[in-house]
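Annotated features, as they stand in Swiss-Prot:
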BINDING   Ala140, Arg141, Thr142, Gly143, Ser144, Gly145, Lys146, Thr147  ATP binding site
COMPBIAS  20-31  compositional bias 'Basic residues'
COMPBIAS  41-51  compositional bias 'Acidic residues'
COMPBIAS  605-617  compositional bias 'Low complexity'
COMPBIAS  635-649  compositional bias 'Acidic residues'
COMPBIAS  669-693  compositional bias 'Basic and acidic residues'
COMPBIAS  745-755  compositional bias 'Basic and acidic residues'
COMPBIAS  763-779  compositional bias 'Basic and acidic residues'
COMPBIAS  787-803  compositional bias 'Basic and acidic residues'
COMPBIAS  870-881  compositional bias 'Basic residues'
DOMAIN    127-299  domain 'Helicase ATP-binding'
DOMAIN    326-473  domain 'Helicase C-terminal'
MOD_RES   Ser34  phosphoserine
MOD_RES   Ser39  phosphoserine
MOD_RES   Ser41  phosphoserine
MOD_RES   Ser75  phosphoserine
MOD_RES   Ser644  phosphoserine
MOD_RES   Ser696  phosphoserine
MOD_RES   Ser698  phosphoserine
MOD_RES   Ser782  phosphoserine
MOD_RES   Ser788  phosphoserine
REGION    1-78  region 'Disordered'
REGION    596-698  region 'Disordered'
REGION    725-881  region 'Disordered'
Amino acid sequence: MAADKGPAAGPRSRAAMAQWRKKKGLRKRRGAASQARGSDSEDGEFEIQAEDDARARKLGPGRPLPTFPTSECTSDVEPDTREMVRAQNKKKKKSGGFQSMGLSYPVFKGIMKKGYKVPTPIQRKTIPVILDGKDVVAMARTGSGKTACFLLPMFERLKTHSAQTGARALILSPTRELALQTLKFTKELGKFTGLKTALILGGDRMEDQFAALHENPDIIIATPGRLVHVAVEMSLKLQSVEYVVFDEADRLFEMGFAEQLQEIIARLPGGHQTVLFSATLPKLLVEFARAGLTEPVLIRLDVDTKLNEQLKTSFFLVREDTKAAVLLHLLHNVVRPQDQTVVFVATKHHAEYLTELLTTQRVSCAHIYSALDPTARKINLAKFTLGKCSTLIVTDLAARGLDIPLLDNVINYSFPAKGKLFLHRVGRVARAGRSGTAYSLVAPDEIPYLLDLHLFLGRSLTLARPLKEPSGVAGVDGMLGRVPQSVVDEEDSGLQSTLEASLELRGLARVADNAQQQYVRSRPAPSPESIKRAKEMDLVGLGLHPLFSSRFEEEELQRLRLVDSIKNYRSRATIFEINASSRDLCSQVMRAKRQKDRKAIARFQQGQQGRQEQQEGPVGPAPSRPALQEKQPEKEEEEEAGESVEDIFSEVVGRKRQRSGPNRGAKRRREEARQRDQEFYIPYRPKDFDSERGLSISGEGGAFEQQAAGAVLDLMGDEAQNLTRGRQQLKWDRKKKRFVGQSGQEDKKKIKTESGRYISSSYKRDLYQKWKQKQKIDDRDSDEEGASDRRGPERRGGKRDRGQGASRPHAPGTPAGRVRPELKTKQQILKQRRRAQKLHFLQRGGLKQLSARNRRRVQELQQGAFGRGARSKKGKMRKRM
């Protein structure tokens, strides 16, 4: 019988059984732990020894194994802890998310708080390169998340707020709205980093901006003009800046900011990192040499597919004077009432006119243009963003970078003259995976710009077919069609009655017409190829756009087809045959001539019909027109051509003249294409010529005059008269009523900065000195390296140091007073309001009124309770008193 391992036999109590189980479990745990320690020590020593032996064999004899530096190490070289932490943050597996980028916890927490899970393609390409410290020039289509591409590496580089005086990051934006949007996004993404941000914009009070810079911000978000103004006023040095961003870089370099950008770049240190972002950037980095790039990395995504797949485009051929009527019809009938729409116009006069006109037609709208007051711009944009109005009429000011949520439609009232401007306009919709629609009103003189746009996009332009059944809205994308005249007449009649009833609207319409004429004269010319193709297009026979034809009944469509057929009717009789009898000599000659030329006429009509069929189909993006398909072999065509010449003319003198029919050029191009050897043939321009011409900043690849102007060599004269000819230019003086010389006048209106450049003297008006005197702030160098941000303003003439001469300098490391902020807190505002209310109460005799009211209340209570009721009521009324 086996021995019993448990307690003694007999009746067991519950306490004894529990004690026995506890001891047994404790013995098992101790045995397992000792066994694991023995096996781990033996196996671990064996594995470490095996790894060391293998590494020693790879390194060879006599070479020590690399180890981590210890505390006894006397080397001055310390490991880069930032790189080690970043490598530790990276995941071993390829997750494809933000986790694999090695971002710090505050930055990653801000990304997760914002709701981003997976980086976009441009973020996946650019963020690792920027984190490596390289200069980057990046391009991706609108709505692809370019703002986070330069904000996340900036947060990762700056880490947290620094006590050193001076901003460490600078973000330049071309417009106020884009800078405000960048500030909002910076605060949301960098919520947990503790970095301070200052906003320097034109139109705001400079005193507030002085105070913001005295708060020692880490990041400055600014527009170039106001930043230069503040820098000159404060003698601001930017030597601590180590990260510079040019947002919408191509717009910055072409808006006339060259003088301001040169002054800003001259104030930057030599070793800063530069990042350029935009949706349209050329591949020639020579155009951005002024930005101070050092071995930059070019990253361009979506060069071939510049437009989003979720974006639908429609083009309507309308006259210039009927654009307002078509716009009103689109807003009333095509666009859904709950959708938000942005209308792009050419000038501010168009914006003011359309705002007043649409308001009279019960369309809630607002307008924004560059000359508008900054406060009004902010209010109008907020009204549109919050849904107070459904339509926003803007100039190209809002075409760059603005991310308006829930935007569904864009209407190009004035068709853009550049392809990349069209990209930025329609890029306001179809962002972040949403769908959108872009409607464009194209006047007949804007057809060459439309063809240039499709050359730039690499797409084909589809023309609406006349006298065809409506195909619905499925094939509307990228189609050019007419607007029914009945729609135009219906809307235009209402607009004309509105204009007749309003004198103000008539004045705005007249100003808008004059502005349109100035805009047409000043806009850049289209390419010669597009002008030639536009002249060859048959726009008279253009069909209705399917977006409109699908809304009509069958009877209305038949009426429109009848009107189109009447409009396209061309008489075959000549002037000699009209109202002429059969015996008339002129009529007989023309009939004989037509009978003799019947073959040539038939061939010409066949070619014309082929061209018309080709125009009804998609117009390809090639600069030259595609060849028509030939039905007959070339040899038969040549024989037929020879026979027709001999039949028409009785005598042929000299060589057989080449005919100038429609198929001749196509045949020649096909023959030349067959003779080319693709291996040795070098074209005179690259394949992406049209695309790069549209993206170019300096007009490279544009008109011949622009290229020739850049190649002009100005030689110095060899005589005194020729040397001073350029300086002695005369200018009309309106006050003196005569021509005056300009020599030396420019330098009087300019001042020389610390960088040696001359800028306008209006930048220096001693506003900063006046602000310091008002705030009683002592002079200090805001950009001195190593200074602490705790050095605040020092009060002059204080009670403590009165009569002791100059203030004692603070010892290094001791905190000094901070700058008194001009922005009041909520508690200060509430305290000030209560104090004002109390003062107003006392001034109007409030104490006397209060005491009189209390006396009346006591009398009412005494009359109502004492002496006229039960004793219980008297006691209750006493308690209430």
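Numbering starts at 1 and runs along the chain as displayed.
Placed from the backbone N, Cα and C atoms, the Cβ positions cover glycine too.
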Candidates Thr142, Ser144, Thr147: member of the binding-site residues with the richest Cβ shell (10 Å): Thr142
Non-site residues, in chain order, whose CB comes within 8 A of the mean position of the CB atoms of Ala140, Arg141, Thr142, Gly143, Ser144, Gly145, Lys146, Thr147 at ATP: Thr120, Ile122, Ala279, Arg431
PLDDT averaged over the residues of the domain 'Helicase C-terminal' (326-473): 88
Number of other Cβ atoms within 10 Å of the Cβ of Lys146 (ATP binding site) across all protein chains: 23
Nonlocal residues around Gly145 (ATP binding site), in sequence order (Cβ under 8 Å, 6 or more apart): Pro119, Thr120, Ile122, Gln123, Ala432
CB contacts for Gly143 (ATP binding site) [other CB atoms within 10 A, all chains]: 21
For the compositional bias 'Basic and acidic residues' (763-779), the number of residues DSSP places in helix, strand and coil: 10 helix, 0 strand, 7 coil
DSSP-derived helix, strand and coil totals, residue by residue, for the domain 'Helicase C-terminal' (326-473): 60 helix, 29 strand, 59 coil
